[in-house]
Amino acid sequence: MTTLRLLISDSYDPWFNLAVEECIFRQMPATQRVLFLWRNADTVVIGRAQNPWKECNTRRMEEDNVRLARRSSGGGAVFHDLGNTCFTFMAGKPEYDKTISTHIVLAALNSLGVMADASGRNDLVVKTPDGDRKVSGSAYRETKDRGFHHGTLLLNADLSRLANYLNPDKKKLAAKGITSVRSRVANLTKLLPGITHQQVCQAVTEAFFAHYGERVDAEVISPDKTPDLPNFAETFARQSSWEWNFGQAPAFSHLLDERFTWGGVELHFDVEKGHITRAQVFTDSLNPAPLEALAGRLQGCLYRADKLQETCEALIATFPEQESELRELASWVAGAVR
């Protein structure tokens, strides 16, 4: 009986792909070695312990329909588009060894004519006339009896968009959690013009088979063709939820301030698990009562633009004579946390 399993995703949905990865990892036999190949449409993928409001320009992501996906491994934030090929190697212990999977990826690149080297803990680099450039980054996860190594290969990614989404607005966040390290990167098309996702997948697959001396047929999966994965619906629901992608952020504080024609406003938020645990409001407005009332209402509110806007606008019923000021405030607060 073969010990290998090869899965290739036809879906570009990051939540689907990460849910498949999680389910396979949980239910695979400890004697199995798995290779999962996939790619995501426009997505910022953050590490398990990261703060999306600190790492990402969440406002621009919303404007451009870029998804946020939190993975179950550690490490930093990365931008995925269809110019990235993603790979996941899984194995039970003691078989699991990330140096083996790194060797397989290096062998695949070598078969395509690219000489790359492992650098540090997570990266693969190539030599270019401009110096060493990163073409692959990885992250890892281990449990008591198994582990996985997943990463990306930059084929023809739109590198200009990295800065669009991974450089956040200069919000006044005093955040805990893991900050991403920006790296000098390059696409493999710089060395191999015309290289495709399919060619890279084939090369990685052949290197995987060669290392283990076995071959298996690929299982092609999509939302219409999912293998029998226990608890997949629940895992996908969690992976795609606001509570997981945003609400799992480490605790942080956010200071907002603005001057309106009717007065200056300062808001101080403490946020834990995506909820405001403490809110302070300061103002020099001649009519401070609505803002004083707002502080209490914000306690426990989801740190989400639509919920904050609703909370501010709900005060209009109590303070109708200040409707215009409250609508202006609501619009500003919602925009500031997007």
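Glycine too: its Cβ is placed from the backbone N, Cα and C atoms.
Taken from Swiss-Prot, the feature ATP binding site applies to Arg71, Gly76, Ala77, Val78, Phe79, Lys134, supported by sequence analysis. With a 10 A radius on its CB, Gly76 (ATP binding site) counts 19 other CB atoms from all the protein chains.
Per Swiss-Prot, (R)-lipoate binding site is recorded for Lys134. Counting every protein chain shown, 18 other Cβ atoms lie within 10 Å of the Cβ of Lys134 (ATP binding site).
The domain 'BPL/LPL catalytic' annotation in Swiss-Prot covers 29-216 and is backed by sequence analysis.
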* Asked: Once the chains shown are all counted, how many other Cβ atoms turn up within 10 Å of the Cβ of Ala77 (ATP binding site)?
  -> 25
* ATP site residues Arg71, Gly76, Ala77, Val78, Phe79, Lys134: biggest Cα-Cα distance, Å? -> 21
* To do: Averaged across the domain 'BPL/LPL catalytic' (29-216), what pLDDT does the model get? Just tell me the whole number, please.
  => 88
* Asked: Counting other CB atoms within 10 A of each CB, which of the binding-site residues Arg71, Val78, Phe79 comes out lowest?
  -> Arg71
